[in-house]
Amino acid sequence: MDDDDELLLNFAAPDTSSVAASKNQNVKVSGGRWKDRRKLQLALQGRTKKRQPETGVNLIPVDESKRKRDSEDKVQLDSNKRSKFTESKGENGGKGDSYVSSLFTNNQPTSHLAPTSTTKELTYLPSNAPMKDATNFSGLGLNEKLSIHLTDHLRFMHPTKIQQLVIPSLISTENDLFVKAQTGSGKTLAFVLPIFHKLMRENKFKINRESGLFAIILTPTRELATQIYGVLETLTRCHHWIVPGIVIGGEKKKSEKARLRKGCNILVATPGRLADHLENTKTLDISQLRWLVLDEGDKLMELGFEDTIAQITAKIDSNSKIADTAEKWQGLPSRRINMLCSATLHSNVKKLGSIVLKDPEMISVETASVAGTVSFDETIATTTSTAPDQLIQNVVVVPPKLRLVTLDALLLKISKHSAERTIVFFSCSDSVDFHFDVFTRDGKKFKKVTDEETGEVKTVLVSPEDDENDGLLTAPQLSDNTIIYKLHGSLSQQTRASTLQSFVKDNNSYNKILFCTDVASRGLDLPNVANVIEYDPPFTIDDHLHRIGRSARLGNEGNATLFLLPGIEEGYVDGKLRVAHPREGNLRVKNYEKILQEGFAQGNIKSKDNKLGKWDIHATTWHLDVERWLLEDQASHDEAVRAFTSHIRAYATHLSSEREFFNVKLLHLGHLAKSFGLRETPKKLGKSVGNNSNYSESKKGKKEDPRKKMLRMAKMAVKSASSEFNY
């Protein structure tokens, strides 16, 4: 049989598409939208849906102008929709096609603080006002000539409560004193008047500048020293033989040495400069010193003057010759009287008291006086410091992106009133400079010129380049009758003094706004300050009390506003503020949107247009103007970067006891940079600062984390703040 039986077998070969589909059935598709993944999966499995032929109206040709836009047209449409946020398209956008974030989106809402209802408003009697139903100054034991000068020339009709307690004690006894009183209660006159009274009573040998130095008053800041010196000069008008003097950092030591050689009876000084003169000025004779007064003792310790004050007291003790001249100056104390004034009684103040005071008597408005003497080595019952009863404290919780525009709205509202004085506190000098430039764009300076025909001295407005004073400018961004001043420790002493003098000077036709750091928060008696704004939160609750103490002084009314961020900072209200503001109704929470609406609404606030959101368009336009100004001016942009980084460094220096409310790690740095008009990312801003920093070459090799760098520089700032010449 033949092997080949011609049997044919037919095998059907599988279709290539089905083989591919079977291989791809188990292929997992990932990424993209679900709809796209599903379509791809079906295609791999060979289950593509057959497209139905178009019928009906879809076959009718459409005019080109009415044609539905395809995907490319849609992209173009989206680009046009964002035209107002791009610098190259539209008038309100970013430069170089950069995207500008919106002010009113992605803002963190407030967690639990609700705006306070204003239906029930309580008013309280002033807690630091002069006692009108009490005795006059002559009744406190002051001599008649000095009392008449106070009432007739200085218009001080009645003493305050702290003056009623301190003046008789300093006149009748020779005990050391610790005085604790609210800020703005009249502590300066409380210790100055008894010293003048004693010096004026010395009749046997009339005291003049050649008699010697009898009193030294130490202050933590130059501004406070200058103010006390001004008070002494007004008192000398009733007794010209008493000569005051002043030595402070920032002045020429050669001029101070010349004044000390001529002689003075009462010397006001900052600790660093006084210690320098005690070592190097031989003509400064402290052998007859009868009074040593330390004003704002808590701030003296906070600035690190403990060792300096210890050196000063040791020098005074070693050179004292009071016993040798006791018979000559019989009307003066037979021993040196030390006095410490402070608004708080913390451990650092107690430590300073143990260094300076010996068996002191404690005088406080809350507790009158402590019988006998008080030992600072023992535990003293501390009373919580509080704000004046007549002061209204407002709290505004503002998202970080809206901080700058909310400040502008608040200042716009204030500038619409009659002439008022307002103080705005910032955390650092770089922030003061930046915000000063923002609000004084296109502003002018005041310059005194003499009329050639009449010889009359007039004040005229000139361009900023025509005058050397950099401390003030008009603010056309707010109103035509508003002047903004700036004050911080980095300015020259001449600028600081002239700025403060101009701000205090009466001028009823202008609103005056002072941008400053905490250098203006201690002891300064700035008259008629109606509003205090804490744009940056205080570093301690004591700093808060001193800041708001610039308003509501000597029984006058006052308003204060504190800016906080949403989140943990809201806990600062219940954790700290309610203790400092115990009066019901004095602590109020305000809605930032109402402030924006009042500041940027045009016409009637309650009109339909403003309710529909016109005000937020005006607010956005104003903020974008600031951003474009920074993009066009490189110097101003660099200043904004410095202000932002300095603000973060300052924020990191809050005390550990208040770190639960102010944690730098929880800040939204991008949103915060927006409030400085910056469009770069915080990482890029950190790099720009790093390029200008003075690192060693070894450290430049490794890239430093921006957050660690800010914390490191914050520690450096705290360390350098202990020097009075940097304050």
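Residue numbering: from 1, along the chain as shown.
Glycine residues also receive a Cβ, built from the backbone N, Cα and C atoms like all the rest.
Computed from a predicted structure; not experimentally measured.
Per Swiss-Prot, ATP binding site is recorded for ALA181, GLN182, THR183, GLY184, SER185, GLY186, LYS187, THR188. For GLY186 (ATP binding site), the count of additional Cβ atoms within 10 Å of its Cβ stands at 23 [all protein chains shown].
What Swiss-Prot records for 15-28 (among others) is compositional bias 'Polar residues'.
Taken from Swiss-Prot, the feature compositional bias 'Basic and acidic residues' applies to 63-94 (among others).
According to Swiss-Prot, the feature compositional bias 'Polar residues' maps to 99-119 (among others).
The compositional bias 'Basic and acidic residues' annotation in Swiss-Prot covers 697-708 (among others).
Here Swiss-Prot flags 168-363 as domain 'Helicase ATP-binding'.
As a whole-number mean, the pLDDT of the domain 'Helicase C-terminal' (406-613) in this prediction is 85. According to Swiss-Prot, the domain 'Helicase C-terminal' annotation covers 406-613.
The annotation region 'Disordered' is assigned in Swiss-Prot to 14-119 (among others).
Under the heading region 'Disordered', Swiss-Prot lists 683-727 (among others).
Annotation comment: Swiss-Prot describes 135-164 as motif 'Q motif'.
If you look up Swiss-Prot, you'll see 295-298 marked as motif 'DEAD box'. Per DSSP, the secondary structure of the motif 'DEAD box' (295-298) breaks down as 2 helix, 0 strand, 2 coil.
Residues in the motif 'Q motif' (135-164) partition by DSSP class (helix H, G, I; strand E, B; coil) as 17 helix, 0 strand, 13 coil. Long-range contacts of the motif 'Q motif' (135-164) within its own chain (CB-CB distance under 8 A, at least 6 residues past either end) are made by residues 128-129, 171-172, 179, 181, 185-187, 189-190, 193-194, 196-197, 200-201, 234-235, 237-239, 363, 365, 554. With the fewest other Cβ atoms inside 10 Å of its Cβ, the least crowded of the binding-site residues GLN182, GLY184, LYS187, THR188 in this structure is THR188. Around SER185 (ATP binding site), a 10 Å sphere centred on its CB holds 24 further CB atoms from the protein chains shown.
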